[in-house]
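Each remark here refers to the structure printed beneath this line.
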Amino acid sequence: MSKQQRRKGNAKNASSAAAHEYLAQGGATFVGLTPEMNIFEVASSNRLHQVVEIDDETRIVMKKLTKKDCQTREKGLKELMELINTENSSIESSYEHFCGLVAQLTTDGSPTVRMLTMKVISQFLTKLKKSASKGLKKIIPFVLFAKSDVTNGVAAAASAVIRDGFDADKKRQVVELFVPNTFDLAAKIAEGKHELSLPAEYDASEDLETRKMRLETQSLNTFLSYIKEYGNESKLWEEPARKLFSNSEFIKKTFAGKKEALKVQLLNISYKFSDNIEVILSNPVISTYIQASLDAQTFSTECATAWEGILILLPDERFHAKCSLQKGIYPRLLNLIRKKGNHWRVLKHYLLPAVSVLLQKLENPALITSIITSFTDNLPWQAEASMNAIHCWFCTFSDFVKWILGNDRINLEILKDLSPLIVEMSNQSMHFNTAEATECISGLIHWIIEKKVLENPAEFFDLLKTSIYEVAPPEKSRLFADSLTLPAKHLELAHLHGNLLSNPDVDFHIIRNLARASNSEYFEETCRNINNFEFIENSDRFDMLQAVEIVKLIEMKPSLSLQIKNNHVGRQLLLSENSEIWEKSLKNVPAGVFQEMVNFWHEKRNGKAIAQAVNFLKKMGIQLDTNAAAENVDFLISLLQSLDSKEDPEERKNLVLKLLSALFDAEDEPKLEHFESLKSHLNGDFEQFFEKLFANMEEEDAERVLEIAARFDKLVGFCDADSRGEIAGKMILGRREFDEMSEKLHFLELDVLTVSQHTTIITDALSRPIEHLEEKEATKMVKELGRLALFSVASNYNSSIHQLFAWQMIRVISALGNRYCLKFLDEELQQLRIELEKRVIKSEEIQKLINDGCCCAPNFITDTYGIPEKRQKFEEYSEDMDTKIETIYLKTDTPLEYVEKVFEASQSENSFPLFQFDQSKKYEWLANLTFVKRFIQCGGEIFRAENLEFRDFTLCGIITVLDTSTDILIDSPHSFSENPLLEALTTLYLELFVVLTDATKRGAYSEQSVEEWNEFYTPTIHTYCIRLFRTIRRDQQPTPFVRALLRALFVISEFPTSFSNDDDVANQEFIPELSVFKYPAFQESCIAQAFSLFASNNEHIQLIAYSVARLLMPIMFKLENAAALKSNEDSELPVSTNRRKLSLPVMISKSYPKDHHNPHVGPLLLDLTLLPLENTKDSGFSQEHRVAYCDVIDPFFKNALNALMLDQPFEFRQVPIGCRIPKSQERAYYLESDLSASPIFFDKFASRLLFKSMTLLPAAIRLFYKGMPNCFMPMFQETVTKYASRLLIEQELGKVREAKFEGEMKVRTVPVTGEIIAEYVVEETKMKLTIGLPPDYPLSVPSLTLDKAIVKTDRAKKWLLQLNAYLFHQNGAILEGIEMWKRNVDKGVEGVEDCTICMMTVHQQTHQLPKIKCKQCKNKFHSNCLYKWFESSNQSTCPLCRNNFT
């Protein structure tokens, strides 16, 4: 056992609970485990000794209540509460024990303990009810005491004990019964005579001084809270409190101390006595403290409490006898007024009452004068004084002056001293420059003017004017001057107001006060006192709001002549439309200034002002250019309202259309008055308005469409209830527009027809030629119609036609996404589809419209709405038609059963129209389309059919349809556009071919069935696919046929051989570079066709080109490199020095794009380039050929790799780099080849191609990386290391791990470190080669180490150098490098001589030994080394002896 465990065990054994358990097991009792054994429990031993025995669990809990740690006491109280709630039989005995601890717990140093104690008491009283009465004497006094606890939570819990523990009628009785004990307890604690004043020896929560202060405060609060609650109803508190005040030693000690809170509490208690003055005066220290605290500067309550006491004492003669009013209180009062400090916060409330009492007792006329003049003594204020105190000083002065002037009994001689005092206080208010101080003094002046109490007001206002102009600086006097002139009605202030306005730099508020003057007499008097009006002429300094006030002033005095500018004042004057101002100031203003004003309002989008100004100027004969404001709603509304009813209706309609466009195009929400103004002008015909609006909408956001719909609803909602439906019907989509728009979308119905599993409906439109739009044009159209559909269905005034249109557009958007499936659907179209799906509903009315043939493009609706199958009626009726239609709509349990039934019908006398293509007979097309759709559903189950004739018939049907379609399409390249149903049928049969091919690869079908499919049907269908490919054009759109052909071509693994040279080569493009290789005519035409399609702007067409070029690449490579692929390794001597080199197929280089318009073509061609390296067996590659081919493609590879980087699924411009590869999908992107068309096709293709390049050409990738600009290298390394290198290292290690080596060669891998360790035992000696792959492989070179070489060191180093060169420069694979190293070791041990040119045994490229022997010197050479010697020296002699080899 560890020391720590022993300590834990000892601690457990030391606990009282564990000890009791051990003793009980041994037969001992609890006797002997007394509190004396714990030094912290002695205090409770006496209490616990006298009560009845309690159970062990309760005793443990009780022990916790006396522990020194407050957390233990808290835990004990919580456990006790749980015991009380468990209905324990020992609750009563627990209660008796607890009562003995209440005194300690209710005064505990921890607030939590005190609060929990109150809750425990409350639980005991609730549980025990009457049984708890015997302990109330010990509990209730402390509960009442706790109601005054300094912690609010404890006080609230104590109040809850009384509230919840007793009935309502007994609460008062309980309080009165036990409160005397509480008062005695409180008095003793306050005097320090109670044992609870000292901290309990078990309580470590607070120190002595803190506990004493808390309990003393709580004790005095006990008296005050009782007095506050019961007031004069009870005097139970007086006797204990009087004893407290009779203890002169205690009172002196308290007031001599520094505990101001206790002093304030004692003062408040003394004020509550019925003979309070006698109690106060009996303790001189109290009255002394009161007088001394009248100017206390603290923010506590002692100052206010002292003033309460002085107001109690002042009227009483007994106080006068002990303290002279004339010599003591009066001088003290003057000092308090003269002193400028924080005590003014209190003095504000008590000065007037005190002075009033003092005046009654002292008949001294000079008293008031002394007091009022003392206000301005001892200035300036103390720096530490608060602004609140200063504001109180101002308010007190104002109230004092009003009190003096409003009291007739006071000598009016003081009036002569008031004027300078008020002026001085005005100076002080300007000095402090606060709103509160200014309002106090200016309000006093206004009051004095109203009361007319000044004998010489002119002199007073002269002093005031001098003070404003000369004493205070301008920035300080502005607020006071504004406040003084604000009412603008007292004529006494008009002279002052006029003088203030005569200053050119006068504050705007002074001007505003005059403009707002309601008293015309005051306005005229003020204007007479204005010396000049420069303050208005300098109009540039006023802002827009100020300009309104200035114009008011000018309108009140239109005689003023002003210079008008394009500023706020000038524009406001123009909008006033005042003829007097026009004649005086505006008439001669140049028109250019007015145009500038209009342009300004246009920038601020204030159309209302533009219209108002333009109309006014038009009346005055001035025309302005308003084109800039043509889209402003307020401007247009104002113009519309100003139109005369007799004017041209067409002009009115155009204006309404402009207004509608502006209203719905506005970014901000139009105002309600805009809708109100427009509602009366909606009587015209605006049916195509929203169609044009959405066609020209620049914002690509479905939310914007919803905003427009909400505005439309709001607009129509302002119209009369009876006309709303009619107006809405005129403006939004109608039946005719719905049909027209459905007609536009027919080119996408073909996409629905070929994928939908619902009933096919053959409409007249599908029998007519279809013009397929380009991607941008198609997307733009679908967006416009989608917006219109969302608007219509989102409006509250939508109908079933709008719902039908919305259902249709949901499928149209999906069809567009399917057509251009290599890209993600446009974000706005996604939003439109989501919003439409939220709002469409199904109803009987919509169902009826569909059944009645309301929809022109029903296949859209049937695919989304899911209507019940309804048999189509055909015009071409014959007697056997019913039977045929019955077969078409036949219900079967399985698709295979349906196909079989149709087969039987086709063999009957009625000759069911299968594989017949009469364009005029719709039912034949319906039969064929329905059949092939069910056949696709059937899938590989056809191979399980027991009826061989049925199976052969259906499979031969595929060949029949494709043969017919191919012949028709070759004869007429545009036949699919002219006959959409033929395209649909061909598409479905190509899909069927793909489905059946996949089924044979995955399904468990008989070998005979699969073999028959692969050997007979598949080659023929492959031939038709290639022939169909020959009809593809560069400008062709990705229609269902194009997409299906692409899927079918990706299924083909090699180019078909069953073609004659004359097949489909009539229109072959002649390419001189190809003609030199003498390709078969058909192959040459396919090559030319495939590589020409790479120039298409359509990605599906590019992929079709890639899919066919992928099949042709092995043929091209072998034919164009036929001479170079012939191996010369078996000949003894390479006599000829003109050996042919490998080359890249000519069409790959020729087809590489010269610009970046088609970014995917480069990577597609790069993948074709790597095919010979991927399939070395099919290409006839030797190691020498491989190295040579890598050298040949190097320039092309670097160029194509740059294009490949652009296609990678990374956002290199983001910080950090963004990745489009989903989490945990790295393997699917880098290791799996996925040729299914989807929006992530090129992301996956580029990722896989990069990984393939890293695998096949690691050295080329490394050199590409090293040649990158420095700014791109970290980004490339980060992405490769994070996503690809890990998988590549894992793949390389896997190849080595699965490889089998001959002899004593053992190879193991260490995946954690990326190491490969090759151990080779030769002649009982073990050699160890370690290859370490770095984390960013192949960007960094693997590390190579060799231990215990059995040959000379220089030779072992040569092997390592050769291996390093192979891996670093020649794109060698790790596994091949290990095998090369092993051959070097083997031949070195066998004694094989080195080639005397390269000085190596095994050739680095061909992995062959030196075989070519010189007849003269007998030295042997590698054939490749000798060939390079011949080529570089331009002669055929031995490099050593110079003997001629030829």
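A Cβ is built for glycine as well, from the same backbone N, Cα and C atoms used for every other residue.
The feature repeat 'HEAT 3' is assigned by Swiss-Prot to 324-361, with sequence analysis given as support. The predicted model assigns the repeat 'HEAT 3' (324-361) a mean pLDDT of 88.
Feature annotation from Swiss-Prot assigns repeat 'HEAT 4' to 363-399.
Among the features that Swiss-Prot reports, repeat 'HEAT 6' is placed at 630-669, with the record citing sequence analysis. Distant neighbours of the repeat 'HEAT 6' (630-669): 602, 605-612, 614-615, 675, 677-678, 681-682, 684, 686, 689, 693, 708, 711-712, 715; these residues of the same chain sit at least 6 beyond its ends, with a Cβ under 8 Å from one of its Cβ atoms.
Swiss-Prot lists 1107-1144 with the feature repeat 'HEAT 9', giving sequence analysis as the kind of evidence.
Under the heading repeat 'HEAT 10', Swiss-Prot lists 1165-1202, citing sequence analysis as support. When DSSP labels each residue, the repeat 'HEAT 10' (1165-1202) comes out as 34 helix, 0 strand, 4 coil, counted as helix, strand and coil in that order.
Only residues 6 or more beyond the boundaries of the repeat 'HEAT 11' (1251-1289), in the same chain, are considered here, and those with a CB under 8 A from a CB of the stretch are 1166-1167, 1170, 1173-1174, 1190, 1194, 1197-1198, 1201, 1204-1205, 1208, 1210, 1212, 1217, 1219, 1221, 1226-1227, 1230-1231, 1314, 1333, 1335-1341, 1367-1372. According to Swiss-Prot, the feature repeat 'HEAT 11' maps to 1251-1289, an assignment based on sequence analysis.
For 1395-1442, the entry in Swiss-Prot reads zinc finger, with the evidence type sequence analysis.
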Long-range CB partners for the repeat 'HEAT 10' (1165-1202) (under 8 A, at least six residues beyond its ends), listed in sequence order, are 1094, 1106, 1109-1110, 1113-1114, 1117-1118, 1124-1125, 1127, 1129, 1141-1144, 1148-1149, 1151-1152, 1245, 1249, 1252-1253, 1256-1257, 1259-1261, 1264, 1267, 1370-1371, 1376, 1405-1407, 1424
By DSSP, what is the split of the repeat 'HEAT 6' (630-669) into helix, strand and coil residues?
-> 27 helix, 0 strand, 13 coil
Its residues classified by DSSP, the repeat 'HEAT 4' (363-399) shows 22 helix, 0 strand, 15 coil
Residues in the zinc finger (1395-1442) grouped by DSSP into helix, strand and remaining coil | 11 helix, 5 strand, 32 coil
